[in-house]
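Database features (Swiss-Prot):
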type    : residues                    : note
BINDING : HIS92, HIS94, GLU98, HIS137 : Ni(2+) binding site
BINDING : HIS92, HIS94, GLU98, HIS137 : Fe(2+) binding site
Amino acid sequence: MTECWYIPEEVADRREENRLSPNVPGSYEALSEARVFFRHFDPKEVSDDIEGFIQPLLKKLNYHSYDVVNLSPATLGDEKFEALAEQHFMEHTHEDDEVRLILEGQGYFDVRDANDKWIRLLSKPGDCIVLPAGMYHRFTTDHSKCIKTLRIFKEAPRWIALNRGPETEEKPARKEYLARLHAPAETAVGAANSHTIFSLHYPLKLDAELTVITKRLLEQHSKQPLALMIFLTGSTDPTTGASWCPDCIPAKPQVAQRFAELQGKYGEERAIFLQLPVERAGYLGNPEYPYRKHPTLQLASVPTLLVLTPTKDAKEKGDVQWYDRLEVKMRTCDIDKADVLSLE
């Protein structure tokens, strides 16, 4: 996904960019919340070479079958191409995940976000997109009318387009998708409960959201100490079922142990946990990634664990950011050796 942005419900020409005015950019975090996964491969390395590229890719991602789809008037003829183009742009879903890697050309995937708004994804060679089963989406080429994609499957696919409507809403895949979409976020220490366990997905909204949470917690526990543990970890890769960050996988049980120790020290109601998932596509190779430049987080690598406690005058401070009320007592990437019991 080279870029993504929100588009209106109705568009006059599907092959135009159709941005809102003013433009409203999408984000990797909004896509992640909708369970869409994105990964980029070097465009020079992707091809329809079965032995040289496709078979090694299938093995790496633990997929078992594939096909190559070449859409253009030159390959299909004008009439068949336009008929397929109309069909692909109907809002629909599938009973299996849709995994597409762009080999040549470019086009737009439109997907519904968690609030049922359209996000348009500009997809070029090297872009790999995973759309979960049960998610409404549609596709169109741009005005070039030419795209070649590799589709890969875990098993033999049930590749039937289910157009949006009452019958599709009752399909198991759709119900399961909605259940996952609205389920509490899972963290290293349990499901988020908006009480003592939180998961915030949007880096650009972090300060506003955490400032509200921090102020409320300080008011609730005005006479007793509390501690906030922040865990920055790689988000889950649906092609493998695990974090894209290898070091983050063994770190999770270690974080759970450190948090249990924090609960023992401060009490279960006053030990607060916040997990911040880090999206691979937005983070890797990006020195401007918000958590890297954040004055308190100062993310250098994942996983990273921080523990913060209120400043002495935290309760007296007026309208300030969360990081002005809290001070960092511990910051580490070596979570197994972190000593939360010695915090003052």
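Heads up, the Cβ atoms here are built off N, Cα and C, so glycines get one too.
On its own chain, GLU98 (Ni(2+) binding site) has ILE129, VAL130, LEU131, ALA133, HIS137, ARG151 as residues at least 6 apart in sequence with a Cβ closer than 8 Å to its own Cβ. In this view, HIS94 (Ni(2+) binding site) is surrounded by 20 other Cβ atoms within 10 Å of its Cβ, with every protein chain counted. GLU98 (Ni(2+) binding site) carries a strand DSSP state (E or B).
For the recorded Ni(2+) site, residues HIS92, HIS94, GLU98, HIS137 set the reference point as the centre of their Cβ atoms, and the other residues of that chain within 8 Å of it by Cβ are THR93, LEU131, MET135, TYR136, ARG138, ALA161, LEU162.
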